[in-house]
Amino acid sequence: MSNKDYKKLYLVTDYRIPFNELLEKTKEALIGGVSIVQYRAKNKKTKEMCKEAKELKKLCDEFGALFLVNDRIDVALAVKANGVHIGQDDMEVSIAREIMPKDAVIGVTVHNKEEALKAIKEGADNLGVGALFSTNSKDDATLMTLETLREIKSVSNIPLYGIGGITPYNLNKDILENLDGVAVISALLNSDNIREKSKEFLNILSK
């Protein structure tokens, strides 16, 4: 198996955690093997977001990890992030592609095959698929069936990252065979030992 074939562990930050604490937790996750970090901040001022994103980008650069910003293309551009992740209610992928640098990574959250096909056609580089399990991070998350996940996999030629309530204990073979990695928040950031929890995830993803 080549490096590009390894399933990836993707951390999404939690804006409810004080930033200095979040920075330290993110570092532990990166040491543990996280290879993608998405900065997600709600109800924060742009100046504060830019400051935080800049520090996280610097940290990700130290570990050779990809750094993405959720929703806010302006913040992503300001801190020279590697890309953005956008949802169904955000800017169209095609417009984001025009604004972002040519080599920028654009991820999109999708919930069904139709949304996946549209995102791929418009130039998405990866898809966040879910929610696979119930989650406290997004109140309005609708659970995705295994059948829907398989439908998306069947039409996708770009990486798929599972999202929503994922832990090392609820991932099974049927789910994993349709994913290229998983994106997590609470399962890592609420762990007593983030570094070891990251390694635990990667061990499961490597099977």
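Any Cβ shown, glycine's included, is placed from N, Cα and C.
The Cβ of ARG40 (4-amino-2-methyl-5-(diphosphooxymethyl)pyrimidine binding site) lies under 8 Å from the Cβ of VAL12, THR13, ASP14, TYR15, ASN70, ASP71, each of these being in the same chain and 6 or more residues away along the sequence. As annotated by Swiss-Prot, 4-amino-2-methyl-5-(diphosphooxymethyl)pyrimidine binding site applies to GLN38, TYR39, ARG40, ALA41, LYS42, ASN70, THR109, LYS138, with the evidence given as sequence analysis.
Taken from Swiss-Prot, the feature Mg(2+) binding site covers ASP71, ASP90, and the record attributes it to sequence analysis.
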Out of GLN38, LYS42, THR109, point to the one nearest ASP90 (Mg(2+) binding site) in space (Cα versus Cα); all of them are binding-site residues in the record.
THR109
Suppose we draw a 10 Å sphere around the Cβ of ASN70 (4-amino-2-methyl-5-(diphosphooxymethyl)pyrimidine binding site). How many other Cβ atoms does it contain, all chains included?
22
Given a separation of at least six residues and a C-beta threshold under 8 Å, show me what packs close to GLN38 (4-amino-2-methyl-5-(diphosphooxymethyl)pyrimidine binding site) in the same chain.
TYR10, LEU11, VAL12, THR13, LEU68, VAL69, ASN70, HIS85, GLY107, ALA183
Counting across all protein chains shown, how many other Cβ atoms sit within 10 Å of the Cβ of ASP71 (Mg(2+) binding site)?
18
